[in-house]
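Below is one structure, written out as structure tokens; the observations come after it.
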Amino acid sequence: MASTVRPSFSLGNETLKVPLALFALNRQRLCERLRKNGAVQAGSAVVLQGGEEMQRYCTDTSIIFRQESFFHWAFGVIESGCYGVIDVDTGKSTLFVPRLPASYATWMGKIHSKEHFKEKYAVDDVQYADEIASVLTSRNPSVLLTLRGVNTDSGNVCREASFEGISKFTVNNTILHPEIVECRVFKTDMELEVLRYTNRISSEAHREVMKAVKVGMKEYEMESLFQHYCYSKGGMRHTSYTCICCSGENAAVLHYGHAGAPNDRTIKDGDICLFDMGGEYYCFASDITCSFPANGKFTDDQKAIYEAVLRSCRTVMSTMKPGVWWPDMHRLADRIHLEELTRIGLLSGSVDAMLQVHLGAVFMPHGLGHFLGLDVHDVGGYPEGVERIDEPGLRSLRTARHLEPGMVLTVEPGIYFIDHLLDQALADPAQACFFNQEVLQRFRNFGGVRIEEDVVVTDSGMELLTCVPRTVEEIEACMAGCDKALAPSGPK
């Protein structure tokens, strides 16, 4: 009797079971889009190449492998050195796996059969990668659709599939990229379940960090605790990006944590902490930022800046719904920040006039948020016809699209006191006239506050995926060990 067990990925214990049907549905969605494209010939085949193992420079020390995202989206394969082919007309899938030498069994473990991979990944056929040219020749596709296109966040070109003998086939490398990117923009219900999981585990890890942080600790101790929780409780071997664990003036460094500033400052009494960290499960990302006082109690100035950012974050989320233009949400956050900084007394004058001279970008030079999925800055932000807005702040926005159901984005407003941006503003008469320099001086070494939530656009609003303490009262209670269990808010 045939097995009724549906293939799934899980790392055991309490980790999420991800059905391989998720990837079968993705392949189906891609084929349906391609068949509607008038430029796609009958008999076309999609060819994707997975990631390769990499070594550290010239050594034989392997870097932990993580699958290439487009290949993972279509096949969910965790092994390196694979290819995938999808028949566009029928939707049938073929996975090509490496033919491993006998010595592999000595050093790396059991060599699995093709049937093993067919069952593991629920594909229609499995062949060896060194036979891809001969297998495709026997199938005689009219054209091979390969992946080539620019990532609008990095400016890098994705790797196009290549194998010995590909020159014998007719190849088109322009059709596939925009179609598969657009598929990735809109998440299925199964994909959303994984993103809910990555957010739940990462949110729990952030709460553990809040409870553990103490004056005198190193920033990297909090990074270590976050990673340990995500891996031990959630099976997350990877983080979605380099952990950003800022304290004090470092909280004004937007992408702190790099090799030259490796989360190595000692946390001091009176510091604000800004911790931007997200765990990754089965290549699905999360991206969460929490800001809180190192000693567990907000000062008046910390509370004022924090609640300004919280107001902008919550106003944006309550305004989000299908049809909303994302740059308008960035401008809304800017307006609220300037209103609040005026209320605090740091600025004075007309907020409309401040917006005219782009004063908001002095305090929030980055974009309000970005797509999230298999990459932390997920693809699809600027498809053909969507132009980047060349204005301070907005030019850093990673998408300028109108919101649609199924899109997953971060909402991450922030207010930062970045010396060189403040100095530039004070040297510009059009901006300097709004500053109360005596009050500004009080905030010069403040750092900054960012609040980052992950949300999915629904038919009527949005669903909040992140569940961490957010109000001043919730944060102080959590840091005192008196927090209560939180849950995502659900659709709005």
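Every residue, even glycine, has its Cβ placed from backbone N, Cα and C.
Look at Swiss-Prot and you will find His255, Asp287, His377, Arg398 tagged as dipeptide binding site, backed by similarity to another entry. Counting only same-chain residues at least 6 apart in sequence, those with a Cβ under 8 Å from the Cβ of Asp287 (dipeptide binding site) are Ser240, Tyr241, Asp276, Gly278, Leu372, Val376, Thr410, Glu412, Glu452, Asp454.
What Swiss-Prot lists as Mn(2+) 1 binding site is Asp276, Asp287, Glu452, and the listing cites similarity to another entry. In this view, Asp276 (Mn(2+) 1 binding site) is surrounded by 25 other Cβ atoms within 10 Å of its Cβ, with every protein chain counted.
Under DSSP, His370 (Mn(2+) 2 binding site) is assigned to coil, being neither helix nor strand in the three-state scheme. As annotated by Swiss-Prot, Mn(2+) 2 binding site applies to Asp287, His370, Glu412, Glu452.
The N-acetylalanine annotation in Swiss-Prot covers Ala2.
In the three-state DSSP classification, Ser167 (phosphoserine) falls within a helix. Within the same chain, no residue at least 6 positions away in sequence has its Cβ under 8 Å from that of Ser167 (phosphoserine). As annotated by Swiss-Prot, phosphoserine applies to Ser167, with the evidence given as similarity to another entry.
It is 6 Å from the Cα atom of His377 (dipeptide binding site) to that of His370 (Mn(2+) 2 binding site). Sequence-ordered, the extra residues of this chain that approach the dipeptide site, with Cβ no more than 8 Å from the Cβ center of His255, Asp287, His377, Arg398, are Asp153, Tyr241, His370, Val376, Thr410.
Here the binding-site residues are His370, His377, and the one with the most other Cβ atoms within 10 Å of its Cβ is His370. The binding residues for dipeptide are recorded as His255, Asp287, His377, Arg398; their greatest pairwise CA distance is 15 Å.
Non-local contacts of Arg398 (dipeptide binding site) by the CB criterion (under 8 A, 6+ apart in sequence, same chain) comprise Thr152, Asp153, Gly367, Gly369, His370, Phe371, His377, Gly381. Same-chain residues with CB within 8 A of the center of the Asp287, His370, Glu412, Glu452 CB atoms, the Mn(2+) 2 site residues themselves not counted, are Asp276, Ile288, Thr289, Gly369, Leu372, Val376, Leu409, Thr410, Val411, Glu453, Asp454. DSSP assigns Glu452 (Mn(2+) 1 binding site) to a strand in the three-state reduction.
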